[in-house]
Structure formats: C-alpha cells, structure tokens
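Just below is one structure, and these are the notes that go with it.
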Amino acid sequence: MTLLFGPPGCWKTSLLKALFGNLNQSLQGVLDTSSTSPFLESGALLSAFYPLLNLFSGFLIPQRVVPKWWTWLYYLMPTSWTLNCLLTSQYGDINDEVMVFGEAKIVASLLKNYFGFHHDRLPITAILLISYSLIFATLFAFFLSRLNFERR
C-alpha cells in the first residue's frame, strides 16, 4: 500500500485519490451508457443520478445531518468516499485553529465533528476508491459483452 500511495503527506497521495475519484465518475458514465440501449435513456439516467451523487456526497449535506434512513445511500455513493479521502488526507492532521460558524475550531476536529471524516480511516477510504473503480470497470466489461441491443 505504501508503494502505491507513498508515505503519508506525500503529494502523490492526493493526486492518486483525485485520479481515482475522476476515474469513478467516468466509469459510472461508461457503465450507464453500456447498460442502456439508446443514448437518450442513458442521458436521462445520468441526469437523474448525478444530482443524487452531489447531494449525498457529504458536501452539501454532511454525514451527521443526513437522516438515519438515508445513511445507506451516503455510504453507497463513491463521491462521498472521494470527498472523505481528499479532505482527510489534506486537512485531517492539521491542528491549526480556524474561525468556523463564529467560533475557533481546530481543523482536524472540525472534519471529525462536522463532516464525520476520521484521519485514522484513510486507508479504508483509499481501498474503497480503488474497489469502486474495479467494480465499475468489471460491470462495464460484463454489460458490454453480455447485453446485445441490436434489433433485426
């Protein structure tokens, strides 16, 4: 794992996590296009799916504010893991104070208390980002080989 991501605090760490986050978004679009026959259906599916990705990523609605019956959707979204990984790797070990909501807070405790991101869970989020990419690529290859939308 250290060979892939480098030592903690290394610039390669955040670069690879951003790469896997963008790869997940691209592979989701490719997977949706391969699983539906006309492009209009895939466009409609993507236009309905991407707002859900952004809404439950944890940026607009933090994890602790998401209702309990919607937490499964928060944990299912790859954008929430990308945001978790990027913010935690960059700011999770900073102990400087910052003014937030009119009071001084430490950056690491702000990430832990407001967003629910823990710096000690960083390897788990990195593994999940890689696994999302592998799952989307595998499903794309499966749908491309098995589904046949040709009509005679």
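Glycine too: its Cβ is placed from the backbone N, Cα and C atoms.
Just so you know, TrEMBL annotations are computer predictions that nobody has curated.
Residues or ranges marked as domain 'ABC-2 type transporter transmembrane' in TrEMBL: 41-91.
Annotation source TrEMBL lists transmembrane segment at 43-61 (among others). With a cut-off of 8 Å between Cβ atoms, the residues of this chain six or more beyond the transmembrane segment (43-61) that come close are 28-29, 32, 36, 70, 73-74, 77-80, 82-84, 115-116.
If you look up TrEMBL, you'll see 73-92 (among others) marked as transmembrane segment.
Same-chain residues lying 6 or more positions outside the transmembrane segment (122-144) and placing a CB less than 8 Å from one of its CB atoms are 1, 5, 8, 17, 20-21, 23-24, 27-28, 30-31, 34-35, 78, 81-82, 84-85, 88-89, 92. Sequence annotations record features per position, and here TrEMBL assigns transmembrane segment to 122-144 (among others).
Helix, strand and coil residue tallies for the domain 'ABC-2 type transporter transmembrane' (41-91), in that order: 38 helix, 0 strand, 13 coil [DSSP].
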